[in-house]
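According to TrEMBL, the feature compositional bias 'Polar residues' maps to A:237-247. Under the heading compositional bias 'Basic and acidic residues', TrEMBL lists A:249-270. Annotation comment: TrEMBL describes A:13-218 as domain 'Cytochrome b561'. Residues or ranges marked as region 'Disordered' by TrEMBL: A:237-270. For A:7-30, A:50-70, A:82-103, A:123-144, A:156-176, A:196-217, the entry in TrEMBL reads transmembrane segment.
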């Protein structure tokens with residue numbers, strides 16, 4: 001990997017910011033708000049921001065960059081695909097529980113569902129996320145899917161993943177805005193009580209975490225090296241272009257060789 | 001250019017969606033709200049969403065993809081840099097007027113400034129945008145800036161541009177949420193009056209426009225070909241690797257040759 005040290009520094013920074021955001025949302029619901037319970041009241045609603053930030057943002061962010069962690073390059077690509085998919089499925093489950101919490105709260109409190117832009121964007125993100133997981137599993141893990149389909153779908157899969165991640169963050173920022181306006185009465189949001197400032201900072205932390213994950217995920221030189229290169233490095237043999245190194249179920253040669261692999265193997269981009 | 005037709009279809013679709021979003025925000029402020037004036041009241045506030053969507057989102061989106069329009073490839077890179085920079089400066093001026101409108105409105109109405117997450121994120125985006133423009137002008141247009149600095153800064157410039165664009169959209173979505181909650185009273189936002197549904201659709205249009213611009217801007221095969229290749233194509237001569245075609249002030253050989261240029265010139269990525 002090129003620029004190993006800056007990568008690790010940024011990765012640590014991203015994880016730290018994401019972890020602090022989770023601590024902030026926990027302190028918000030436990031200290032400033034009513035706490036947590038499953039009672040149809042405000043305590044049940046509080047699972048919604050907590051699970052969104054923890055699962056749908058922090059966990060999804062980790063799932064996006066998991067291929068890029070250098071200490072996972074010893075693992076087979078197939079195992080990394082399972083970890084990538086598993087973390088996304090876990091994030092999806094937490095997102096669905098977060099949705100159930102807010103629908104249940106609304107129904108008990110006689111508040112209409114799905115009227116706000118926040119709810120439209122949030123539900124669309126959950127639906128797209130489920131579609132992304134199903135298509136990802138079918139195309140990249142089912143052994144019957146052909147290589148040309150994987151190669152053609154990969155750029156769409158990568159863009160969709162980053163787009164959904166960004167959309168979830170935008171939905172969370174709208175949710176924070178709604179909640180602070182609705183729940184702060186005396187003093188109001190515009191009077192900047194401690195809770196308002198604290199949760200605004202939570203919003204900034206979420207944006208900073210998102211930007212770091214997007215930066216890490218879009219640096220070509222920080223991609224996981226191709227299977228050919230990893231095989232050659234482990235066996236101390238020169239990598240043969242086009243060679244496959246793993247014939248396990250669902251495993252295919254990397255349809256997008258990295259710049260590093262291309263340079264070391266002498267293969268041009270096309 | 002690879003995939004010329006899909007590019008043009010998507011570009012047309014993006015421009016159409018962006019234009020419809022501008023029409024929507026105009027109809028919002030003129031039909032559903034109080035109209036436009038500079039009187040310290042609600043009519044002055046209305047310049048804020050109108051200029052944000054028109055300048056800071058639609059115009060910035062066009063400025064981001066302007067290099068990729070095939071009919072601009074006859075123009076010199078220097079002229080395209082001036083157009084790219086000029087559109088961004090225009091978007092910045094409109095964003096500043098949008099800011100002045102809302103600060104003036106708040107001051108006249110005795111509403112505190114800068115208390116909401118929307119205002120924090122929006123002002124941060126404007127400050128980052130000004131910094132992006134100043135650094136872009138100094139590094140890519142000042143003739144004294146060295147090539148190595150341009151090459152090193154280009155990935156940061158590209159990422160920052162897309163990040164700021166995305167952040168402005170997130171701020172706009174929060175602004176829409178705030179405005180609908182504050183201004184709809186009888187019926188309220190939660191009662192889904194026609195204005196609420198209409199402006200929610202505006203929010204979706206903005207997200208769709210943003211996603212199309214981001215997709216177009218991040219496809220490697222749709223990049224403007226390098227100056228070497230364009231020169232070779234115009235003069236019907238084979239491109240010589242490393243040749244410069246323009247020695248005008250501020251003009252340098254492309255520090256990031258496109259995949260198309262590399263393929264046609266036979267130059268490998270590194």
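Glycine residues also receive a Cβ, built from the backbone N, Cα and C atoms like all the rest.
TrEMBL labels come from automatic prediction, so no person has curated them.
Since the structure is predicted, the reported quantities are computational estimates derived from the model, not experimental observations.
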Sort out the residues at least 6 away from either end of the transmembrane segment (A:7-30), same chain, that have Cβ-Cβ distances under 8 Å to it, and list them.
1, 36, 46, 49-50, 53-54, 57-58, 61-62, 65, 68-70, 195, 198-199, 201-202, 205-206, 208-209, 212-213, 215-216, 219, 222
Any idea what the model's mean pLDDT is for the domain 'Cytochrome b561' (A:13-218)?
97
Other than its close neighbours in sequence, what residues sit by the transmembrane segment (A:123-144), given a CB gap under 8 Å and a spacing of at least six beyond its ends?
56, 81-82, 85, 88-89, 91-92, 95-96, 99, 114, 150, 153, 157, 160-161, 164, 167-168, 171, 249-250
